[in-house]
Amino acid sequence: MVTRTRPVAAMAVRSRSSSRTGTAYLLLVLCEVSWAQIFSFPFRRPETCDFNQYFDISALSCAPCGANQRRDALGTSCVCLPGYHMISNNGGPSIICKKCPENMKGVTKDGWDCISCPSGLTAEGKCHCPTGHILVERNVSGSLLAQATCELCDESENSFTKANALGTRCVRCEPTFVNTSRSCSCSEPHTLTGGLCFSNTGNFHQRVISTARYGELGMSLNSEWFAKYLQATAAACWTHANLTSCQALGNMCVMNMNSYDSTTLDACRLFHYIFESTAGLISVHSVPFWRQNLPWLFYGDQPGLAPQVLSTTPLPTNFSFKGQNQLKFVAASYDIRGNFIKWQPLEGGVLQLCPDTERRLDAAYAFGTTYQQNCEISLSKLLVDFSSPVFYDVYLEYTDEEQHRYLWPIPVLNLNLQHNKLFVNQDSSSSKWLLTRRIFLVDAVSGRENDLGNQPRVIRVATQISLSIRLVPNTKNGNIYTPLLTIAYSDIDIKNAHSQSAKISFSVKYEMNQGDASVHTDIALGVLGGLAVLSSLLKTAGWKRRVGSPMIDLQTVMKFLLYYAGDLANVFFIITVGTGLYWLIFFKAQKSVSVLLPMPVQEERFVTYVGCAFAMKALQFLHKFISQISIDIFFIDWERPKGKVLKAVEGEGGVRSATVPVSIWRTYFVANEWNEIQTVRKINPLFQVLTTLFFLEVVGFKNLALMDSSSSLSRNPSDYTAPYSRILRYAVATAIWLVIGIIQVVFFAAFYERFIEDKIRQFVDLCSMSNVSVFLLSHRCFGYYIHGRSVHGHADTNMEEMNMNLKREAENLCSQRGLVPNTDGQTFQIAVSSQMRQHYDRIHETLTRRNGPARLLSSSGSTFEQSIKAYHAMNKFLGSFIDHVHKEMDYFIKDKLLLERILGMEFMEPMEKSIFYNDEGHSFSSVLYYGNEATLLIFDLLFFCVVDLACQDFVLASFLTYLQQEIFRFIRNTVGQKNLATKTLVDERFLI
């Protein structure tokens, strides 16, 4: 029966359970009970529980203790009240207490039994014994005595024992008591200090200064730690050569910043006294500054010793950028009492107060990686994490050829060290430095007054730690000198530890002697600068000939300076690009280290060169920019009226006949095309900027500018990112910019102009088809001529005749387009005579007497007619000049000499006749953007680099570079258009 009913009962239980679950769920849904109300509970701390409550670590709340119980010292369990002993204890609060009988009111130390006490009870209900006695509750076999006894420890010479601090057993007296007084007491004439007993007959210093000095705050305070332990520690070190005491004395000296004052008997003075007094002892590991039994704190105070330590002996090992390149720094660590803690590697952030991932912290010791870490830490955290300072002696571990492991000590430059009240380590001359050995990170002990349990009044923090690694000059195998650990401490007067903080920095920097590089740069600058002077003189001489001025005046000097600025800009550009690429290639590609990057301070000279290059290139750009928007230009219309076609014109004398005028639309069309090609370039500026930005930011070429040994373009986000080198950023940016620019120019010249569109040659062809020539004067007596005279005689014709003319020209059924018969030369450089220029100016003055082009509807008739007359006069004069009509202002055509082409100047002066030089290279583009692409490309590049050097942001540099390109292009178009309208009488409203 039982077995049959079990399934039914189980089903009933499951049914009732399901019903209850469904009901509960339905109630939750219908009542919309808040989950926050279900899962929230009161917040309790152990210290908030009552005297008879304990903190339940499971329920995280206060719970009552049992009868005759109270909470323990931790607050997480219960103990019996005084006068009660335990009869059951299952752990935690699960205890049962029972009252002791009247004749046995005391409770044993373990709390399980009651006992009769010989001399009173403590507040906890335990037996109490007088000073020097120990409490005995059990016999030798462990049986509980009926009454406890207080036994006096035997202090006689046979035992030398006394009660321990807990009063539970007799222990041997402290050795200094026994050795000094042959007893367990230290009375006159002996001295008791720091729990040790010393004899006055040792003639050791008695007036020890326990003051802790804080130079940054300009204050001193009486350190409880020094007052309590300094004299005892020094005496134990001096008298007994106690190793731990000597280490503790050294720690106290380090806590006082290794400062030494011959007039003050402080920790360092005591250490020096002991060091000098033990000169007869042997040196440790043959190091003259490391005396037996003493810690190695100083390298000595001889002048000039620091440079010998740092720059005389290279480390007997090599370093490379490939393979295992970690610097193995290790430290011997000691606690404040002088106990040796352990050997520990510096990996894991031992000396780095700023928190970070272990991977990033360990990157500080990757050889060749410049490391920089900064943070701000609250004083409350420092007080918790560094309640007691830890002291470190730092070494570099290396192996010899036989794989034997050795240690190389790392000297310390403590910037807070004072020698006879002088901060010698802050001097710029290393010969005055005093190197030390031991460091700590945080000292929150020496700043405590009166009681070591109090919060310190002052805390001393190592806020700046810098590890400097210097490469041996001319090394090929990665040899380095002894690294230098520079440390600076900040003294902080604690007001509110929770609101105060300390700014911490940790850095590793690499350096090498940059003297040779500076000399080579100076030589290159001197040689190229001299060549720039010669080039500028030649350009100035060529300019003087082109303006027809034989005198050297202020304008000549200013012109020379402008040319020199441009040439010197190229010199600085070449030097900076060469220098940048040198560091980029040789630093990143080396395996065995032979060069290291210049430090940020050493980069200032390079940045100055870049700034000079940009400033002078900007001056050259503005010079050319202004020259282009102020050129003299005129369109010569060769078109003549066809036959004697007449038309009726109404005048004052009635209706009369007149010749049909030549259409002006061809001239307007040519003027518009000229206006369009003024800012045509051989590259696409937007493509240039975006492509450069793409390679730098997206592909990751900017990672080559990081100051580490890696040449990878992609970096793991979890890895440490080294700071950027400004030299490498400049090198990478210039290399990418120039490569993209050169590729664009080559593509434009070799493909685009040849197969798609060549706007410069198209303009020359347009002039021929329009029967319009272009006369340009970029200087007073020098300019360019584009011969556009139609070989068909007329260009103002219909479509049929135009196509017929093109067909005849394609089939060579007409003469060639050149100025000289049977030639194709249409473009010329021209050097005009002064007489011709004067005649041009007389006509031009009439042409430009008005402030602007004629406003067709609003200008007065007389002004308009004068302009028309001047226009026709100029057109007639230039046309007749080209046709050799004026024998007194004639010209001849010749080829330029090779040397003239190379130097960019003319040897012959146009004295009586003007000179037309054949120009197949269309050099008239020099008055356009097109012919100054190199200047524009370098100016844009330098602008890009200067912005990046200032902001360290390629995106911002790209945006501002494109913005300035567009601004100058707009100004060039606008002002150039106005100049074109003014010089050619083409109404600006028709320039679209």
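Cβ coordinates are placed from backbone N, Cα and C, and glycine is handled just like the others.
Per Swiss-Prot, the feature disulfide bond maps to Cys49-Cys62 (among others). Other Cβ atoms within 10 Å of the Cβ of Cys49 (disulfide bond), summed over all protein chains shown, number 20.
If you look up Swiss-Prot, you'll see Cys65-Cys78 (among others) marked as disulfide bond, on the strength of similarity to another entry. Other Cβ atoms within 10 Å of the Cβ of Cys78 (disulfide bond) number 24 in total over all chains.
Using a 10 Å Cβ-Cβ cutoff, Cys97 (disulfide bond) registers 24 neighbours. Secondary structure at Cys97 (disulfide bond), as computed by DSSP, is strand. The disulfide bond annotation in Swiss-Prot covers Cys80-Cys97 (among others) and is backed by similarity to another entry.
According to Swiss-Prot, the disulfide bond annotation covers Cys100-Cys114 (among others), on the basis of similarity to another entry. A 10 Å cutoff on Cβ-Cβ distances gives Cys100 (disulfide bond) a total of 20 other Cβ atoms nearby, all chains included.
For Cys117-Cys127 (among others), the entry in Swiss-Prot reads disulfide bond, with the evidence type similarity to another entry. Proximity of Cys127 (disulfide bond) to non-local residues of its own chain (separation of 6 or more, Cβ distance below 8 Å) is seen for Gly106, Ile115, Cys117, Pro118, Ser119, Gly120, Leu121, Leu135, Glu137, Ala148, given in sequence order.
Positions annotated as disulfide bond by Swiss-Prot, on the basis of similarity to another entry: Cys129-Cys150 (among others). Under the three-state DSSP scheme, Cys129 (disulfide bond) falls in the coil class.
Feature annotation from Swiss-Prot assigns disulfide bond to Cys153-Cys170 (among others). Cys153 (disulfide bond) falls outside any helix or strand according to DSSP and counts as coil. Taking Cβ-Cβ distances under 8 Å and a sequence separation of 6 or more, the neighbours of Cys153 (disulfide bond) in its chain are Gly132, His133, Ile134, Ser159, Thr161, Lys162, Ala163, Cys170.
The disulfide bond annotation in Swiss-Prot covers Cys173-Cys184 (among others). The Cβ of Cys173 (disulfide bond) lies under 8 Å from the Cβ of Glu155, Phe160, Thr161, Lys162, Ser183, Cys184, each of which sits 6+ residues away along the same chain. Mapped onto three states, the DSSP output places Cys173 (disulfide bond) in coil.
The disulfide bond feature in Swiss-Prot is assigned to Cys186-Cys197 (among others). All protein chains considered, the CB of Cys197 (disulfide bond) has 25 other CB atoms within 10 Å.
Counting only residues at least six positions away in the same chain, the Cβ atoms of Cys237, Ile274, Asn293, Leu294, Pro295, Gly338 sit under 8 Å from the Cβ of Cys246 (disulfide bond). Under the three-state DSSP scheme, Cys246 (disulfide bond) falls in the helix class. Summarising the annotation, Swiss-Prot assigns disulfide bond to Cys237-Cys246 (among others).
Marked as disulfide bond by Swiss-Prot: Cys253-Cys268 (among others). All protein chains included, Cys253 (disulfide bond) registers 25 other Cβ atoms within 10 Å of its own Cβ.
Residues annotated as disulfide bond in Swiss-Prot: Cys354-Cys375 (among others). Around Cys354 (disulfide bond), the C-beta neighbours below 8 angstroms that are at least 6 residues distant in the chain are Gln373, Asn374, Cys375, Ile377, Ile504, Phe506.
The N-linked glycosylation site annotation in Swiss-Prot covers Asn242 and is backed by sequence analysis. All chains included, 20 other C-beta atoms sit within 10 angstroms of the C-beta of Asn242 (N-linked glycosylation site).
When Cβ-Cβ distances below 8 Å are used as the criterion, the intramembrane segment (668-676) is approached by residues 633, 635, 759, 763, 766-767, 770, 772, 774, 788, 973, 976-977, 980, 984, 986, 990-992 of the same chain, each at least six residues removed from its ends. Swiss-Prot lists 668-676 (among others) with the feature intramembrane segment.
Sequence annotations record features per position, and here Swiss-Prot assigns intramembrane segment to 677-685 (among others) based on similarity to another entry.
Positions annotated as intramembrane segment by Swiss-Prot, on the basis of similarity to another entry: 686-698 (among others).
The closest partner of Cys80 (disulfide bond) among the disulfide-bonded residues, by CA position, is Cys129; the full candidate set was Cys129, Cys150, Cys186, Cys253, Cys268. Nonlocal intrachain contacts for the transmembrane segment (556-587), taken as residues 6+ away from its ends with a CB within less than 8 angstroms of a stretch CB, comprise 517, 521, 524-525, 528-529, 531-533, 535-537, 539-540, 543-544, 549, 594-598, 606, 609-610, 612-617, 619-620, 623, 704, 725, 727-728, 730-732, 734-735, 738, 935, 938, 942. Ranked by Cα separation from Cys114 (disulfide bond), the disulfide-bonded residues Cys49, Cys186, Cys268 are led by Cys49. Looking at Cys62 (disulfide bond) and Cys197 (disulfide bond), their Cα atoms lie 50 Å from each other. In this structure, the C-alpha atom of Cys97 (disulfide bond) lies 50 angstrom from that of Asn242 (N-linked glycosylation site). Counted within 10 Å of its Cβ, the other Cβ atoms near Cys114 (disulfide bond) come to 19, all protein chains included.
Away from its own ends, the topological domain 'Extracellular' (588-600) comes close to residues 318-322, 367-368, 370, 471, 475-478, 509-512, 514, 517, 606, 704, 707, 709, 711, 725-728 of its chain (Cβ-Cβ under 8 Å, at least six residues beyond either end). Packing against the intramembrane segment (934-949) from elsewhere in the chain are residues 566, 569-570, 573, 607, 610-611, 613-614, 617-618, 620-621, 624, 681, 683, 685, 688-689, 692, 726, 729-730, 733-734, 737-738, 741, 956-958, 960-961, 964-965: each is 6 or more residues past its ends and has a CB under 8 Å from a CB in it.
Near Cys197 (disulfide bond), with the C-alpha within 10 Å of its C-alpha, lie none of the recorded positions Cys49, Cys100, Cys129, Asn242, Cys253, Cys268.
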